[in-house]
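Q: Before anything else, here's the structure in question.
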Amino acid sequence: MTLVAGVDSSTQSCKVVVRDAESGALVREGRASHPDGTEVDPAAWEAALREAIDSAGGLGDVAAVAVGGQQHGMVCLDDAGQVVRPALLWNDTRSAGAATDLIAELGDGDDGAGRRAWADAVGLVPVASFTVTKLRWLAQHEPDNAARTAAVALPHDWLTWKLAGSPGLDALVTDRGDASGTGYWSPFTGDYRTDLLERALGHAPVLPRVLGPAERAGQVAAGALAADGGALLGPGSGDNAAAALGINAEPGDVVLSIGTSGVVSTVSTTPSADPSGTVAGFADATGNFLPLVVTLNAARVLDATARLLGVDHDELSRLALTAPAGSGGLVMVPYLEGERTPDRPHATGALHGLTLATSDPAHLARAAVEGLLCGLADGLEAIAALGNPVRRVLLVGGGARSEAVRRLAPAVLGVPVLVPPPGEYVADGAARQAAWTLAGGDTPPVWPTTSTETYEADAVPHVRERYAEVRDMTAARV
Ligand SMILES: Nc1ncnc2c1ncn2[C@@H]1O[C@H](COP(=O)(O)OP(=O)(O)O)[C@@H](O)[C@H]1O
Ligand SMILES: O=C(CO)[C@@H](O)[C@H](O)COP(=O)(O)O
């Protein structure tokens, strides 16, 4: 049996799966936690990856490995390959002002023209999540660190490079999927837009070479992150592209991921440009494209509400299912860390419709689940509005383990929802890419598609209508 390994270095944790390269069967797995926060020293990811690899039985008998990772993180390296400062993550909003400036600059002061120019250039409109805005923030607020920045990498790029033994800045590599989330790579041309990078940072540092979907990225160096070296390295990808590969998403499939981020993504054979900025036109990990909508507030809305009520996730779910649809008029707009879509980085969460009848744990639990799902329903609507077919909606991520989320999703979204068994689909996709890198060829290996459970419910349009009223009312006040 030939073994391959896949990594998911996500916001909250690092997961490693070891699978049979031919059948895709799971053989071993491990995981380790990441520190909290929106600014993290990459050394913490390296330590977690080492721990997760060890707990997954090591890489000594693994023929190939690939890394999936949280997107957009700004990893700045000096000319000796040392990290210049802790990485700003996708969910850090301090560069919101830089995003506004970059839009205005490309539009010569005309916001609409600026949005269109960015969408046409790189498939996205700057918001604080994207790397290009973080580099502008760095240039504005930490000019010495900006000047020391000889190379810029993404979390998955940096971990792949560390696995290879940090063999010099010119050995940094990435893939189309993650490059498409930087704000300085074009999914239309497949090339970097170093002019936009230089506009942001003030100079154009070394950038990782963008590899093909199954192009070899070197070999694991013994001792660096794994006791045993020799395994081939795949290019890796951003977590959402890896998840789509892991779940074998095809055009017409929409993947709803409820992790730290809430993501609505689909596979397209053509690149997207949405000047509203709602849909980001990313690339996927197979040579296609991955238009997606991302919210900042997803599984942690459930974490926070469970903490407020002093219950665990199972009890939160049970409570939510005892309250009526619409939670008696209690609406939670869950912008607990600001929000990315809609672009309201300074917003806070809001509860509206609190009455004596709704002031109880069940109504609060229901409002939290419905508020989370309404934000994703808005994303699904935006994806469809761009002409992407919606034939199947698949629900994954830690939040999908909630029975209330699974049962309320079809009602709020208005479509059936297919739920595969709880799993690590990002790491699975990375493992499948590793098998593809090992085998070569134009397409990834065919692994058995996972079974799914279908959840259906009568649509409850009044829930989204009421949510939209409260969402827009709170927007007017912030
Ligand atoms: N049964 C559950 N119900 C609701 N949320 C859950 C459940 N199990 C885990 N979670 C939440 O899912 C999140 C982790 O999901 P995951 O997809 O691994 O996130 P990420 O990939 O962003 O690190 C955590 O916030 C965790 O609390
Ligand atoms: O910002 C995005 C995608 O644009 C997020 O999807 C991050 O990639 C974080 O992923 P998770 O930690 O939630 O998996």
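Backbone N, Cα and C atoms are what each Cβ position is placed from, and that goes for glycine too.
What TrEMBL records for this protein is below:
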- Asp239: active site, proton acceptor (ACT_SITE)
- Gln71, His72: substrate binding site (BINDING)
- 4-246: domain 'Carbohydrate kinase FGGY N-terminal' (DOMAIN)
- 255-437: domain 'Carbohydrate kinase FGGY C-terminal' (DOMAIN)
- Asp8: site 'Important for activity' (SITE)
Q: How many other Cβ atoms are found within 10 Å of the Cβ atom of Asp8 (site 'Important for activity'), counting all protein chains shown?
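A: Its Cβ has 29 other Cβ atoms within 10 Å.
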Q: Near Gln71 (substrate binding site), which residues of its chain come within a Cβ-Cβ distance under 8 Å, counting only those 6 or more away in sequence?
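A: In sequence order, the residues whose Cβ lies under 8 Å from that of Gln71 (substrate binding site) (at least 6 apart) are Trp90, Leu154, Pro155, Asp178, Gly181, Gly238, Asp239, Asn240.
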Q: Measuring Cα to Cα, how many angstrom lie between Asp8 (site 'Important for activity') and His72 (substrate binding site)?
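A: With distance taken Cα to Cα, His72 (substrate binding site) is 14 Å from Asp8 (site 'Important for activity').
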Q: How would DSSP class Gln71 (substrate binding site) in three states?
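A: DSSP call for Gln71 (substrate binding site): coil, neither helix nor strand.
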Q: Using DSSP and collapsing to three states, where does Asp8 (site 'Important for activity') fall: helix, strand or coil?
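A: Its secondary structure by DSSP: strand.
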Q: What is the number of other Cβ atoms found within 10 Å of the Cβ of His72 (substrate binding site)?
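A: Its Cβ has 27 other Cβ atoms within 10 Å.
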Q: Taking the Cβ of Asp239 (active site, proton acceptor) as centre, how many other Cβ atoms lie within 10 Å?
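A: Asp239 (active site, proton acceptor): 31 neighbouring Cβ atoms within 10 Å.
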